[in-house]
Amino acid sequence: MNVNKKLSNIIFMAAFALFTWMWSDKYDGVITSVLGGIETESNIIDILGLGKWLFLFAVYFLILNKMLVDNRKTLLFSLYRYRDFKSWWKQYFFRLHITMFLYYLISCIVWYVIGVVTDNSSSHAVEIMIIFYMHLAMYFSIIAAADRILNKSITPCILILIEGVTYIISVQYRQIVLTFGMYRRMALMDNKWFQVIVPGIEFIVCWLCYFSVIRLWKKDKLELL
């Protein structure tokens, strides 16, 4: 990815952070309002809140998908630079995560600065950012693995659909556990250890995605191009 693309993505993420702050409720801390998810204890589905929540994922998925498409175009040349597919996949997988984390960090810095300037900081900002990012990182891993295994770009759409459907089901049947990416809803649970266990499980899923691609490659069940 050249300098111009990186710079445009940085500007885009900063603008994205500013835009999401403008629509937030602004009464519960900037980071909590944007990344905390939908706060509701009733069985009423918050359509507007759901739309805002899914928009967050859509933007990050858009950036990631652009990277995947660009890398797919130069895959043949990239493979020649490494000893084997495993070496390439290792640097490719972790470089995607590092790049997306940096873009996420830019968003968080903007939200944090806005919170400080407007005297509307979140009391659990770090915890919320970690919970949301681990949820996001799990999706990044699934998308990257599916891109290699299936060679299709529909995975982000499927994940957004799943995220929306699980929220609706969780409200309809009062199953808060299904919205494990939303700090506000997780905070309603009696078992506070759940907020620690879930990121751990998501971390494991990330590694499973990484090793699943290597496993399929070793079994010659992976189409490289």
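A Cβ is built for glycine as well, from the same backbone N, Cα and C atoms used for every other residue.
Keep in mind that TrEMBL annotations are predicted by a computer and have not been checked by a curator.
Through the fold, the transmembrane segment (7-24) approaches residues 30, 33-34, 52, 55-56, 59, 63, 103, 106-108, 110-111, 114 of its own chain, all at least 6 residues removed from its boundaries and within a Cβ separation under 8 Å. Marked as transmembrane segment by TrEMBL: 7-24 (among others).
Residues or ranges marked as transmembrane segment by TrEMBL: 44-63 (among others).
What TrEMBL records for 92-114 (among others) is transmembrane segment.
The transmembrane segment annotation in TrEMBL covers 126-146 (among others).
Residues or ranges marked as transmembrane segment in TrEMBL: 153-173 (among others).
According to TrEMBL, the feature transmembrane segment maps to 193-217 (among others).
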Quiz item: Which of 44-63, 92-114, 126-146, 153-173 has the most Cβ pairs closer than 8 Å to the transmembrane segment (193-217)?
Solution: 126-146
